[in-house]
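Database features, via Swiss-Prot:
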TOPO_DOM  1-46  topological domain 'Cytoplasmic'
TOPO_DOM  103-122  topological domain 'Cytoplasmic'
TOPO_DOM  144-161  topological domain 'Extracellular'
TOPO_DOM  183-196  topological domain 'Cytoplasmic'
TOPO_DOM  218-225  topological domain 'Extracellular'
TOPO_DOM  247-266  topological domain 'Cytoplasmic'
TOPO_DOM  287-304  topological domain 'Extracellular'
TOPO_DOM  326-345  topological domain 'Cytoplasmic'
TOPO_DOM  367-379  topological domain 'Extracellular'
TOPO_DOM  401-415  topological domain 'Cytoplasmic'
TOPO_DOM  465-545  topological domain 'Cytoplasmic'
TOPO_DOM  567-573  topological domain 'Extracellular'
TRANSMEM  47-67  transmembrane segment
TRANSMEM  82-102  transmembrane segment
TRANSMEM  123-143  transmembrane segment
TRANSMEM  162-182  transmembrane segment
TRANSMEM  197-217  transmembrane segment
TRANSMEM  226-246  transmembrane segment
TRANSMEM  267-286  transmembrane segment
TRANSMEM  305-325  transmembrane segment
TRANSMEM  346-366  transmembrane segment
TRANSMEM  380-400  transmembrane segment
TRANSMEM  416-436  transmembrane segment
TRANSMEM  444-464  transmembrane segment
Amino acid sequence: MEPAEDSLGATIQPPELVRVPRGRSLRILLGLRGALSPDVRREAAALVALAGPVFLAQLMIFLISIVSSIFCGHLGKVELDAVTLAVSVVNVTGISVGTGLASACDTLMSQSFGGKNLKRVGVILQRGILILLLCCFPCWAIFLNTERLLLLLRQDPDVARLAQVYVMICIPALPAAFLFQLQTRYLQSQGIIMPQVIVGIAANVVNVGMNAFLLYALDLGVVGSAWANTTSQFFLSALLFLYVWWKRIHIHTWGGWTRECFQEWSSYTRLAIPSMFMVCIEWWTFEIGTFLAGLVNVTELGAQAVIYELASVAYMVPFGFGVAASVRVGNALGAGNADQARCSCTTVLLCAGVCALLVGILLAALKDVVAYIFTNDKDIISLVSQVMPIFAPFHLFDALAGTCGGVLRGTGKQKIGAVLNTIGYYGFGFPIGVSLMFAAKLGIIGLWAGLIVCVSFQAFSYLIYILRTNWSRVAEQAQVRAGLKSTKELIPTPADLPILEREVMDGVILPDIIRPESQTGQLVVEENSQCAVPTVGEVLTGRQLVFYRGMALTVSVAVLIAGIVVRVFNDRG
């Protein structure tokens, strides 16, 4: 390139060009162009607008249990240990189950709303209410025997007895907590998040006030804190219901209670059960890890408790992006827009990855001081600082895995997530962590090293699966779930046949497959309509509905009765 002259006659030297291989240069330019395209920027803004309030709402819910621990911690060590164990029991055997089962709505509601089959969203909510209320009975059976379970785990008898008192008071709170989970999904599928934040703030104000009044004014101790927690759960559910009713958010999606809510339970549970395992496997692993840390020594337990709290708070950011992913991807697929779903998926992974990287760097930089938020014990602080360099990369992989899980929920592929979670945690990571913890005598440092194996396996497996996703095919399946297309309209290619066979387990019913619960059903589908609520799959007759739903109720109640019998037997023994 020859030198040129400007308007004043000065010589302008051409800039030096950096020689880059043509293929590599093209890839870099295309990557930058894609990352900075208007579509990606708009999508990132939409995702952040969803993820931010979800983070705040989740933080508000998390604070309710933390407040109970803080108040009871001032009563004494036994009271603090009892409340900590009681909250763990409620979370592991109750809240985690409801959270997982309600996650089926992330798929069904978001896809139906995206496909403009609005009344179907309300029917799915009704279906979820009935199924989750039935699931309360088995959870209550475990609640009734909390003391016995804790004694089997070699916990202090006084702590176990007091924990049983706390859990018993929380029994009526479980249906309220489940209903709140469903209400949250109902609003999230429509892109409505802020009401949960407002309600969460109000519930925390009520919780703090009731804890102070019941513990100090009435001197009720742990019992008072339990009642404050239970009241807060009812307050959350009731206030959110009143908000929906007052703002008339339900007008277009709620057609009143209908017999349709008794149909399609198989489709719901095919998504709900894998969703439950996606949530519970990880949740249970951390709770078990905390228990194992207590078997080493008190310092290890204290450090594990601190890191667990930090992990819970840090995970709320990718959790928010996971919810945003399930909503945006589900809405796009329900509308049949495969390109938008792909864009949402790519953008949310970039956003979550950047945020997780920043959080990981921050925690690593603050590794020597972050534990002072929770304790002044020098030994615990020192151990936490040793684990933080391991936790930082753990959080990055965990964030990617959690966000990918949101994408899988949006696409209706929870079964894949459940299988990969099981393999990652119980096939590889957790056994390695326990071996390093005890055999290698590394304590919780070894445990978290094993957990990195879990989440890295999850993250890479999820990413590979998502990269291989046929978005056009998934969009067609989403429209079947949304009641907009018949499965007969899906024209398979020979390569699709193995996939189609698996879709029966993912909630998409093929016309040539007969459900075990119906012999004479017919496929009913109506085209895109805001009023019609088609039943996807076979329609059960009235007699079949009474039999199968009656059996579900009978089994649930029988489990509760068995729990009562075990409790009575143990009390007499």
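Just so it is clear, glycine is given a Cβ too, placed from its N, Cα and C backbone atoms.
What you see is a predicted model, and the numbers here were worked out from it, not measured in a lab.
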Contact set, same chain, for the transmembrane segment (162-182): CB under 8 Å, 6 or more residues outside the stretch: 78-79, 82-83, 85-87, 89-90, 94-95, 98-99, 102, 105, 125, 128-129, 132-133, 135-136, 139-140, 143-144, 146-147, 150, 155, 222-223, 225-227, 229-230, 233-234, 236-238, 240-241
Tertiary contacts of the transmembrane segment (346-366) (same chain, 6+ residues out, Cβ under 8 Å): 35, 40, 43-44, 47-48, 51, 310, 314, 317-318, 321-322, 324-325, 328-329, 388-389, 391-393, 395-396, 398-400, 402-404, 406-407, 463
Same-chain residues at least 6 beyond the ends of the topological domain 'Extracellular' (218-225) whose Cβ lies under 8 Å from its Cβ atoms: 68, 71-72, 75, 79, 82-83, 162, 165-166, 169, 210-211
Ranked first among 82-102, 226-246, 305-325, 380-400, 444-464 for CB pairs under 8 angstroms with the transmembrane segment (47-67): 305-325
For the topological domain 'Cytoplasmic' (247-266), the number of residues DSSP places in helix, strand and coil: 7 helix, 0 strand, 13 coil
Cβ contacts the transmembrane segment (123-143)/the transmembrane segment (267-286), at least three under 8 Å, sequence gap 6 or more: yes
Interface-richest range of 197-217, 226-246, 267-286, 380-400, 416-436 toward the transmembrane segment (82-102), CB pairs under 8 Å: 267-286
